[in-house]
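Enquirer: Feature list, courtesy of TrEMBL:
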- A:7-29: transmembrane segment (TRANSMEM)
- A:63-267: domain 'ABC transmembrane type-1' (DOMAIN)
- A:67-87: transmembrane segment (TRANSMEM)
- A:99-122: transmembrane segment (TRANSMEM)
- A:142-169: transmembrane segment (TRANSMEM)
- A:190-215: transmembrane segment (TRANSMEM)
- A:248-271: transmembrane segment (TRANSMEM)
- A:292-320: transmembrane segment (TRANSMEM)
- A:348-538: domain 'ABC transmembrane type-1' (DOMAIN)
- A:352-374: transmembrane segment (TRANSMEM)
- A:386-404: transmembrane segment (TRANSMEM)
- A:410-427: transmembrane segment (TRANSMEM)
- A:466-484: transmembrane segment (TRANSMEM)
- A:490-510: transmembrane segment (TRANSMEM)
Amino acid sequence: MTTRFRFDLWTFVLIAAWIVLLILLVWPLSSILRASLLDNDTGAVSLVHYIQIFTTKVYQRAIGNTFIAGIGGMTGALILGVTLAFVTTRFHIYGRAIIQTLAVIALVAPPFIGAYAWIVLFGASGVVRKGLATISVSIPPLYGVAGVILVFSFKFFPHVFLITSGALGAINRSVEEAAESLGVSPMKRLFTVTLPLILPAIAASALLTFVLSIADFGTPRIIGRDFNVLATEAFNLFGGEVGGNPGMASALSIVLIVLSMMIVFGQRWVLRKNVYYSNLMKKPERKRVIGLKAVGLHVLAYAIVLFGALPAIIVVLFSFRRTSGPVFQPGFSLQSYEKVIATVSAPIWNTLMFSSAAVVAIVISGTLIGYLISRRPNIATGTLDALLMVPYIVPGIVMGIAFITRFNDPPIALTGTGLIIILAVYVRRLPYSARSVAASLKQVGPSLEDAAVSLGYSPGKAFMKVTVPLIVPGILAGGLMSFVTAMNELSSSLVLYVGSTITMPVRIYLSVMDGEYGTASALSTILLTMTAVAVYAAFHLSGRKESALL
Amino acid sequence: MADLKIQGLAKSYKDVRVLESIDLDIASGEFFTLLGPSGCGKTTLLRTIAGFQSQDKGEIIVKGERIGTKPAHKRDIGMVFQDYAIFPHLTVAENVAFGLKARSLPKAEIEQRVIESLKMVRLDGYQNRLPAEMSGGQQQRVGLARAMAIRPTLLLMDEPLSNLDAKLRIELREDIRDIQRRLGITTIYVTHDQEEALAVSDRICVMNKGHVEQIGTPFEIYRKPVRRFAAAFVGTMNFLPARLDGGNLVVGGQSVAYPHVEGSGEIEVAIRPENVLLAGGAGEGAAITLKGEVRKVTFLGREAHYTLKTEAGEIVAQVADPAHDFVTMEGRMVDIRLPLSKVALFRPNGDVVKAGSAR
C-alpha cells in the first residue's frame, strides 16, 4: 500500500538525518567540549582552561572585546538598517531599485573584502587619508575597535534593512492613522506604535547581526590590530604559531558558543509576548516630500548604501590598477588578473568544486528534512528541528576547529582533503535550507493537496504535481544563496585547508595578510562576479523578492 | 446520479468526540446542507465523506457501495474549498483540466469539457488567466468549474462563500443553486450562515456538538423547529420562561388555557418576532397577552424592530411596513399578543413539546 511505502521512506529520511547530524555536528562539537576540559599535559579532567580564561588578562580582554564588537556591530547595523528601511518604505525616494541593488551588493560581498577595502581607503597609507593630508586634514588611521565596529555596521546593515523593510511594509496603515486621530504626534507615533509593531523584526535582525559580528574572524584579524576577540584568539591558539594550545582554543570556542546562546535566549525573552497578528487592509503609502527635507532624505539613504557598497566598488576598481610588486602604481592594467591566472588559479576551481558539491548535498537533504519537519510533526522531527538551531550559533572558526580535532584520526580521518571543507560548509548551511523549505511548505497549505486528491490524484502524485512545482523556485533560490555563502566561506576553511585544497576566500585573506593587494583585488573581483551571477539568478527565480536573499 | 447513506458515523480526537453516531439519508440529486456553529463537526463530517479523514466507526454508502475505506482520490467526489485552493501555478484552463488529466481523457474531450465548465460558471474567455489576476469570487467560480468538470458522483462544498463579501455571496449562491438544479448533482454543502442555508437547500441538517439536532426542509427548520437549539440558531427567536399547570400555560402573571397538553412543569415559550402582535393588532384565536414598555425602536425601512420589556422577560417584535406613529413610541406601554397557534414550547432538555405529550 502507498501509505506504508511513504512511512518507510520518511522513516529512512528521519534516521539518516539524525545520523548525519550526530556525526557532523554533535560528535565534532563534543570533541571541543572534551578538549576544553582536559589538561594539555597530563590529560586529566580539569577546569584549568576555564580558570585561566577568567584570570588571564588577555582572555578577559578578548571576551570584553567580543562583546564590544558584537554590540557595536549590532547597534551600528540596526541604526543604519532601520533608518534606511524607514526612509525607503515611508517616503518617496527616487531610484529605489538602485538603493536595493547597492544594499544587496553590500550584503553578498565577501565579508573580509570590506575590512581590506576600508584599509585601502582609511588605513595607515589609505587613499582618503593621504588625500585629506594634502589639504592638511588629519584623521586617525582606521585600525582597532572603531574600524571593526564601522566595518561591521556597514557590512551587516543590509540584513536589518531587508528584514525590517518587510515588517514596515506589512503594518496596516489604519493603525497609524488611528494613532494620529487620537492626537499623537508623528514622532511620538513612531516610537509608540510603529517601532513596537516591528519589534519582532528588529529583534530578529539584532540577533542575526550580533551573532555575525562575534563570529566574524576576518575583520578583526585584518583591521583590528591589537583588538583581539575570541574568534581570533581561538584561531591563534589553535593555529599554533607559538606552539599551539588546543585545550585553550577549545575552551575559548565554548565561551563563544555560550555568548551566542545567551543572545538567542535573550531574543526569545524580548519576544516572549510580542507577536502581533494583523490583517493587512491598507498598505502603508510612501509620502511625497519636497524641498530641503526631500534632499536630506535622499542624501541619507544614498549615503548609507553607497558607504555599504563602497568596499566592493573599491576592490573592483583597484583590481584594474597597475602594480609593481605589492605597491599600486598610477594607471590601469590587467596585470593582477594575469598574475592570478598564471599563479593562483587553483583556488578558483577548488572553490567552484567544493561549493557545488556542498550545495547539491544541501539542497537534496535540506528539502527532505524540511518536508519532514513541516509535514510530519512528532517528537523525533521536533528535536531534529531544535538540533538544526545549533549551527546558527556556532561560529565558522569553532566548527573548523571541531572538525579538525575530530576528523584528524581514524575512524574518520579527513584532514587535508577537500571533503572536510565541503562537509563543514554543508553542516553549517544545511539548517538554512531545511528551514526555508519547511517555511515555504507551510505557506503552500494542505488544502491545495486535498483539492488534487479530490480530483483523482493519489497523495504522492498530488505532492509531486502541486506542492513540488510551487516550492521548487524557492528551493533553487535557496540553493543559489547557499552557493553564495559556500563560495565566500572563510573562517572554517581557514582552519581546514591545506596547500592543495586552498579556496578563494583563504587565498584572498592570505594575500591581504602578505600585502599583495593587487592579487587580492583581482581574486576578490572574480569572487564578487561569481557571487553576483548567482545572486541575480536567485533573485530572478524567487520572483524578485529581496527576502529570499537572507 | 447517486444517493448517499451515512450510518452510525463516529469520530473522536483523543478524548473529544467530534462526531457521535451520525445517520443521514440523502436522496439522489438533493441539495443537502450541514448547518451549525463552528466546532459542531460539520466540516469533519464533510471531510470524512471526502476521505480526507477517516471515521472511527460507521459506514458511508454511495449508490449502494460502501466507500468508507476507499482512499480519497478513488472516491470520485468533487470538492469546493473555503480558501478556493486554486493551483496558483496553473492557468484557469489548466486548473479545470487538472482532474480530467488524472482520468486520462482524450485531449479533445478535455478541451471541450473545460470550455463547457467555464461557460457554466460564466468565465468563458478567462482560460489563460492566472489565479493571481482574479478576484476571490472569480477564483471560487474556477473552483466550482474544476470540481464539476470531472462530473463527480457527489459534490461537496466546504463554506465556499464565507471568504466573499455580502453582495457577491448572494450572487454566487444563486449561481451554485441554479447549476446544481440543472445538472441534478447530489450536493452536500457546509455553512454556518443560516440565511444561506435557508436560501439554497432542499433539506438542512442542523448540527451541534457533534450530533444532529434536526433534519428538515428550510420551511420545517424555520417554522417547526423540534429542538430548542435549531429554533435559536436559525433566525431570531424570543424565549420566555413559563410553566405548564394542568391544562394552563402560565407566562409571567398571565395564565391562558392550553388544553393541547397534559401535565405540569417548567418550560420555555418560543415565538418569532414577526408573530408577536402589538397594540391591539388584529389576531384570531387564543393568545398570551402581556403588557410591555417599548425600550427601543429600530427602524429598518420595510420593517421595524421593537425591544419590549415585559414582566416575563424581554421580547423582540417585528412590525412590517410600520406607520409613522409606530416609529415614535419609545417609552410607551403597549399591549402584546402572542398567538398560541404561532407559539412553540420547549422542555428544559431542549425537546419541543408536542400536542398531547407534555410528560
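From the backbone N, Cα and C atoms, a Cβ is placed for every residue, glycine too.
All TrEMBL annotations are machine predictions without curation.
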Enquirer: Please figure out which one of A:67-87, A:99-122, A:248-271, A:466-484 racks up the most CB pairs under 8 Å against the transmembrane segment (A:386-404).
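Expert: Per the Cβ count, the answer is A:248-271.
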Enquirer: Examine the transmembrane segment (A:248-271) against the transmembrane segment (A:292-320) and state whether at least 3 Cβ pairs sit under 8 A, considering only residue pairs 6 or more apart.
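Expert: Contact between the transmembrane segment (A:248-271) and the transmembrane segment (A:292-320): absent.
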Enquirer: Could you tell me what the rest of the chain brings near the transmembrane segment (A:292-320), counting residues at least six beyond its ends with Cβ under 8 Å?
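Expert: Contacts of the transmembrane segment (A:292-320) (Cβ under 8 Å, skipping residues fewer than 6 from its ends): 80, 83-84, 87-88, 91, 93-94, 98-99, 102-103, 105-106, 109, 113-114, 116-118, 120-121, 154-155, 157-158, 328, 332-334, 336-337, 517-518, 521-522, 524-525, 528.
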Enquirer: Against the transmembrane segment (A:410-427), which of these stretches has the most C-beta pairs under 8 Å: A:7-29, A:190-215, A:466-484?
Expert: A:7-29
Enquirer: Is it true that the transmembrane segment (A:190-215) and the transmembrane segment (A:7-29) have 3 or more Cβ pairs under 8 Å, skipping pairs fewer than 6 apart in sequence?
Expert: no
Enquirer: Take the transmembrane segment (A:67-87) and find every residue of the same chain, 6 or more past its ends, with a Cβ under 8 Å from one of its Cβ atoms.
Expert: 93, 99, 103, 145, 148-150, 152-161, 163-165, 168, 202, 205-206, 209-214, 216, 220, 227, 229, 259, 263, 297, 300-301, 304-305, 308
Enquirer: Report, as numbers and ranges, which residues of the same chain sit near the transmembrane segment (A:466-484): CB under 8 Å and 6 or more residues beyond its ends.
Expert: 108, 355-356, 358-359, 362-363, 366-367, 429, 432-433, 436-437, 440-441, 444, 448-449, 451-452, 531, 534-535, 537-539, 541-543, 548-549
